[in-house]
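Asks: Here's the feature list from TrEMBL:
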type     : residues : note
TRANSMEM : 12-29    : transmembrane segment
TRANSMEM : 41-62    : transmembrane segment
TRANSMEM : 93-113   : transmembrane segment
TRANSMEM : 125-143  : transmembrane segment
TRANSMEM : 149-168  : transmembrane segment
TRANSMEM : 180-199  : transmembrane segment
TRANSMEM : 219-237  : transmembrane segment
REGION   : 252-278  : region 'Disordered'
Amino acid sequence: MASWNSFPLEITYQTLGWLAFVSWSISFYPQVILNFRRKSVVGLSLDFLLLNLTKHSSYLIYNTVLYFSPAAQQQYFEKYGHEQMIPVAANDVAFSIHAVVLTAITLFQVFIYERGTQTISKISIGIVSVVWLFAAVCVFVALPSHSWLWLISIFNFIQVSMTVIKYIPQAVMNFMRKSTEGFSIGNILLDFTGGVANYGQMATQSIDQNSWVNFYGNIGKTLLSLVSIFFDILFMVQHYILYRPKKTSGINEKAMDKGNNDPLIDSSDDHQPQASNV
């Protein structure tokens with residue numbers, strides 16, 4: 001396993017890593033606090049939450065196995081070279097654990113707070129079901145040959161795919177409502193900070209090792225930063241430019257507040273489509 005060539009770059013790497021961890025971890029709290037204060041999740045896409053839980057769960061599996069499993073690490077070195085460094089740091093594991101817990105808490109708020117007529121779409125339920133069925137099949141395929149690196153790469157692929165699509169329901173909901181009310185911009189600002197710091201951490205390691213294997217050897221982490229930054233910028237444009245917050249609650253939220261007793265999962269074929277259904 002390679003070692004650091006520059007002590008200042010090593011310190012920079014650790015600093016950026018924990019900055020990303022702190023920013024991303026804290027980013028979950030503004031939405032939880034906003035939901036608690038409003039006693040409502042109206043304006044927050046339920047599809048986004050479901051896809052986000054799948055994303056962070058798969059990312060937790062990838063980070064935990066590659067960081068703690070000697071067998072997975074050995075297979076990584078055999079594929080990318082023993083002079084390379086493992087592309088998962090302690091802060092990645094810590095973040096993943098924290099992310100799963102906080103996303104689960106936010107989902108729990110959906111069951112206890114006002115949600116208006118918002119439901120989880122059949123499309124999102126179908127996507128999540130197919131993803132976990134596919135993951136289960138891959139586990140049985142990998143067991144006989146102990147192909148652990150291949151297996152966790154599948155989970156890495158899943159988390160990248162979820163990262164790409166998970167933001168779409170929220171972006172569409174904001175567009176349909178012409179408002180970002182109910183969706184915390186604090187979450188986005190912190191997520192943007194974490195994405196930039198995470199990308200800087202990877203670049204720092206690559207500069208020290210004079211190798212860019214760190215980027216394509218952990219393509220999930222690379223795409224995670226780029227996709228997150230793209231959507232964060234989109235949400236900031238929606239919040240600060242396109243749909244600037246009003247001093248009083250808009251008509252859209254009042255309309256969505258009606259029908260609080262609607263089922264959480266949309267099971268009706270002729271149910272009027274909601275903004276969160278993507």
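Every residue number used here counts from 1 along the chain in the order it is shown.
Using the three backbone atoms N, Cα and C, a Cβ is placed for every residue, glycine included.
Would you situate these features in the structure and describe their surroundings?
Replies: Long-range contacts of the transmembrane segment (180-199) within its own chain (CB-CB distance under 8 A, at least 6 residues past either end) are made by residues 16-17, 19-24, 26-28, 30-31, 33-34, 38, 40-45, 170, 173-174, 221-222, 224-226, 228-229, 232-233, 235-236, 238-240, 243, 245-246, 249-250, 252-253.
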Asks: Ranking 93-113, 125-143, 149-168 by Cβ pairs under 8 Å to the transmembrane segment (12-29), which is first?
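Replies: Ranked by Cβ pairs under 8 Å, first place goes to 93-113.
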Asks: Using a Cβ cut-off of under 8 Å, list the residues of the same chain at least 6 residues beyond the transmembrane segment (93-113) that approach it.
Replies: 20-21, 24-25, 28-29, 31-32, 35-36, 38-41, 46, 49-50, 52-53, 56-57, 59-60, 63-64, 67-68, 264
